[in-house]
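So that you can see what the record holds, here are the features copied from TrEMBL:
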- D148: active site, proton donor (ACT_SITE)
- 97-106: compositional bias 'Polar residues' (COMPBIAS)
- 1-174: domain 'Phosphotyrosine protein phosphatase I' (DOMAIN)
- 97-116: region 'Disordered' (REGION)
Amino acid sequence: MAEGVFRSLCSSSQQYGDLIDEIDSSGTGAYHAGDSPDYRTMATLKQHNITNYHHSARKITKDDFRKFDYILAMDEYNLRDLLRLRDNIILGAQSGRTKGHTNNARSTRDNTGDDTATPKIAEVRLFGDFNPDGTVNKKVGGGQEIEDPYYGGINGFEIAYEQAMKFSKGFLAYLEKKREH
């Protein structure tokens, strides 16, 4: 759901168009790989006039950590898994073993073409670490989690939608603030 909300928000305003190059979503496990979103997710998105969202679940890959600038976890469990995977990629890169989702976002960045630079590794944060005023919690994972609505009723999906909207706006405000400095 967070990807659908974030995509909708980015496409609905020109001010966000140059902040984000690519958006994707993935899970830390392959439990639902290939599946479409839960029908309650789609119903909630439709209630908020998001009708053009299409997605097929997939598991995050090591390449995602090189492709995206940010990988945003919805909860502490996934954050912990993503941070561990990121650390393994960094350790592998340092020893020469590694060659160059959750929501993944790639922001616009300066590409100097310098092949000698250290390979970029995505920043991993909790989606709720980004505040509406464009600030970010100092502690990774210090923000609010998006509660998983899967095992509850439809009301949980509405709450998840509201959280995804709030955190999407906070993340975009953070990127705008970062661009200004």
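Heads up, the Cβ atoms here are built off N, Cα and C, so glycines get one too.
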The mean pLDDT across the domain 'Phosphotyrosine protein phosphatase I' (1-174) is 84
DSSP-derived structure type at the residue listed as 'active site, proton donor', helix or strand or else coil: coil
